[in-house]
Amino acid sequence: MALTRLEKAQVWLFKAVMGVFMMLFRVFSPRRPAVSDKKLPPVRNPLLFVSATQLAKKIRRKEVSSVEVVQAYIDRIQEVNPFLNAVIKDRFAAALQEAAQVDKLIEEETGGEEVLEDRLPLLGVPLSVKESFALQGMPQATGVISRRGVVSTVDAPPVALLKRAGAIPLGVTNTSELCMWCESHNHLHGITNNPYDLERIPGGSSGGEGSILAAAGAVIGIGSDIGGSIRMPCFFNGIFGHKTTPGVVSPENQYPPISGSQDEYLSTGPMCRYAEDLLPMLKIMAGPNAHMLSLNTKVDLKKLRFFTILHDGGSPVTYPVSKELMDIQKKVVERLEADLGVQVQEVHFPELRYSFQIWNTYMGLPDKEGKPPLPFAMLMGESGRPVWPLWELLKWMMGKSEHTMAAIGLALLEMTHVSKPSAFIIQQKEKLQKEVEELLGTDGVFLYPSHPRVAPKHHHPLFRPFDFAYTGIINILGLPVTQCPLGLGEEGLPLGVQVVGGKLQDHLSLAVALYLEKTFGGWRDPGAN
């Protein structure tokens, strides 16, 4: 069954509008200074090559002090942030004071290393935080100029839990405007660069996190994901990230707030350079809900059922998956079969062709009480007054708008939404949900491309705005997924793949991540030759 005429018209309209936007962008946007000859300096301090889990162990054993570790990361941020614009507000002085308190606590502890490990598993380890999360004393503007003066007075629950486990926040990182675009760019803090190629995007909305983590300016971080905002930055920057099963990690004290039925699709999760840090971070961040996941269950990879899906079947609104990315996913299949003795079955779901339409439809659904989600134009405005998207577009053309082209475009596209969701799209989603859940059960995982191409150049996603559908569809299905790096490709840019499990089976994809890190080498220093 094909799309209705109305739905075909919507797709055509989306493409036409974005084509016009890109033409306008090229004509009216200011030119960026060339950075093609600049390269990130290599990592020199050996402490920056140690996972958070191992750093915590070294700190507990007094092999290194927390002050030394925190200072090493401060030095690295100061070295690379002028290239990246990833950390937008630091708390270095406070972090060093907290690190000194940690070292004093360890000196005075009489219960031994095991007591500290149990009570404070991340004691003394530095942490970066996406600016959309409340971090006491830090800004929480999410790139909106009218929120310039907003400073958090509390910690978001997962941030508070990580701090309670001993982690020391170093600062907050850049996002896309209102966290709803795949490039971390806004008119308050500027644009964030990819450490592997400064002319390319680090993804969004957790792009500042992805960039500073990949540049070894942080070892662990925290992100949120409603359409790929953890996974795209992790993919583009060659690090690990996990989109948790929804409803496990608290979404409170994030901005923008969730509304409508979005609580069913938003997930908060860990981002890091080393796969062994994912599971302990998730245990901490889940807090009282950790029991919902089988995180203490040992996984025998040889007993899992593996599947692979190479593309979405040819959606008219997404870019075709590059040969380079399909080849690396095939290589993963070959290694799984050779190393584990498993058979990886290639499967196809025709409904994936409608991934963007499914995401777009479900993001607009009301909550259980019938209340629709907050309009994006309302969030863009001041004091509860929505912006006028067409007026903002005219202002942007004159260089007078406070908003990015991406945000204005989203507000304009929002105007095309129909009040009644498409019965066809609802049917496609329900059918896909049933088929995927039956396929995975409690012992299955599937591989799926993270994006159709490696990290695009700055602003190029405006050409292909719906490529995030490769990640967004997993949000709507409510499944846990771990983003895993798979080395560097032809252009020296990170490759990767999504590993997707059944609901509440987060431990399965986390176990596969450990295997893939060992097999493909994990994170690579972007400053290395």
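Numbering starts at 1 and runs along the chain as it is shown here.
From the backbone N, Cα and C atoms, a Cβ is placed for every residue, glycine too.
As given in TrEMBL:
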- 12-29: transmembrane segment (TRANSMEM)
- 68-508: domain 'Amidase' (DOMAIN)
- Lys130: active site, charge relay system (ACT_SITE)
- Ser205: active site, charge relay system (ACT_SITE)
- Ser229: active site, acyl-ester intermediate (ACT_SITE)
Listed in sequence order, residues with CB under 8 A of Ser205 (active site, charge relay system) and six or more positions away: Lys130, Ser132, Thr175, Ser176, Cys179, Met180, Trp181, Cys182, Ser184, Ser224, Ser229
Integer average pLDDT (0 to 100) for the domain 'Amidase' (68-508): 97
Packing count at the residue listed as 'active site, acyl-ester intermediate' (other Cβ atoms within 10 Å of its Cβ): 35
